Amino acid sequence: MKYIIAPSILAADFGNLQRDIEMINQSEADWFHVDVMDGVFVPNISFGFPVMAAVKKHATKSLDVHLMIVDPDKFIPEFAKAGADRITVHYEACTHLHRTIQLIKASGCKAGVALNPHTPVTLLQDVIEDLDLVLIMSVNPGFGGQAFIHNTYKKIQDLKRLIQGVNEDLIIQVDGGVSLLNITKLVSAGANAFVAGSAIFATDNPSQTIIEMKNLVTTSISI
Ligand SMILES: O=C(CO)[C@@H](O)[C@H](O)COP(=O)(O)O
């Protein structure tokens, strides 16, 4: 099982974006996590295609795009064209989720679905075989730097049970308030991909923090 650390560029310094992208390129991180917010699905606006293109131009690792937008079908092909490797849409934003998953795959990307803290994992039962990734939001989406919601551990365990014998290669990603303080417990619960924004970028030495996250993950899987 591969464990993934995906720094969220939402927490990067946009005035020094190329510097922060280079830091991730040189670090032990695995993916770039790209948070797209539309001010409708979530009460915040982040960035769209121009920033996505700037990240793609300099990034040497794959782009994990998290769409916090309504009507994602309208934009999926364009995000794929802009360089997304994985596209994750929100369960709560999709009327025809199965169709949306098919569209992501037809656009050449791996497909993920994100669940808000109030949305149970059982609602994914009938599409779970079609997915490459499920993103469990451990904060309400819209902002970095929020407090981690503790019910997340139980949700990861619920998802672990749901994929048993059906799609055991599915990536279980956690996003929101992930830090050096809770990553070990998240691994024990069954998560294998970790998005972290402020826990990485708000430290004096972000690349060292990424190494420490990786070390904690490696230590907890070898126990
Ligand atoms: O999607 C989101 C927020 O909606 C996240 O990716 C945050 O950007 C993570 O930030 P931290 O909680 O790690 O600061």
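Any Cβ shown, glycine's included, is placed from N, Cα and C.
According to TrEMBL, the features are:
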BINDING   SER8, HIS66, GLY142, PHE143, GLY144, GLY145, ASP175, GLY176, GLY177, GLY197, SER198  substrate binding site
BINDING   HIS33, ASP35, HIS66, ASP175  divalent metal cation binding site
ACT_SITE  ASP35  active site, proton acceptor
ACT_SITE  ASP175  active site, proton donor
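Features per TrEMBL, on structure.
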{"residue": "SER8", "record": "substrate binding site", "CB count, 10 Å": "24"}
{"residue": "HIS33", "record": "divalent metal cation binding site", "CB count, 10 Å": "29"}
{"residue": "ASP35", "record": "divalent metal cation binding site", "CB count, 10 Å": "24"}
{"residue": "HIS66", "record": "divalent metal cation binding site", "CB count, 10 Å": "28"}
{"residue": "GLY142", "record": "substrate binding site", "CB count, 10 Å": "18"}
{"residue": "GLY144", "record": "substrate binding site", "CB count, 10 Å": "19"}
{"residue": "ASP175", "record": "substrate binding site", "CB count, 10 Å": "25"}
{"residue": "GLY177", "record": "substrate binding site", "CB count, 10 Å": "22"}
{"residue": "SER198", "record": "substrate binding site", "CB count, 10 Å": "16"}
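Of all the binding-site residues given, namely SER8, GLY142, GLY144, GLY177, SER198, those whose Cα is no farther than the 10 Å limit from the Cα of HIS33 (divalent metal cation binding site) are SER8. Here the Cα atom of SER8 (substrate binding site) is found 7 Å from that of ASP35 (divalent metal cation binding site). Listed in sequence order, the residues ALA6, SER8, LEU10, VAL34, ASP64, VAL65, THR88, LEU135, VAL195 complete the 8 Å Cβ shell around the divalent metal cation site centroid, once HIS33, ASP35, HIS66, ASP175 themselves are left out. Between the CA atoms of GLY144 (substrate binding site) and ASP35 (divalent metal cation binding site) there is a gap of 10 Å. Comparing the Cα of HIS66 (divalent metal cation binding site) with the Cα of every entry in GLY142, GLY177, SER198, these being the binding-site residues, the smallest distance points to GLY142. Listed in sequence order, the binding-site residues near ASP35 (divalent metal cation binding site) (C-alpha within 10 Å of its C-alpha) are GLY142, out of GLY142, GLY177, SER198. Taken residue by residue with DSSP, GLY142 (substrate binding site) is part of neither helix nor strand, so it is coil.
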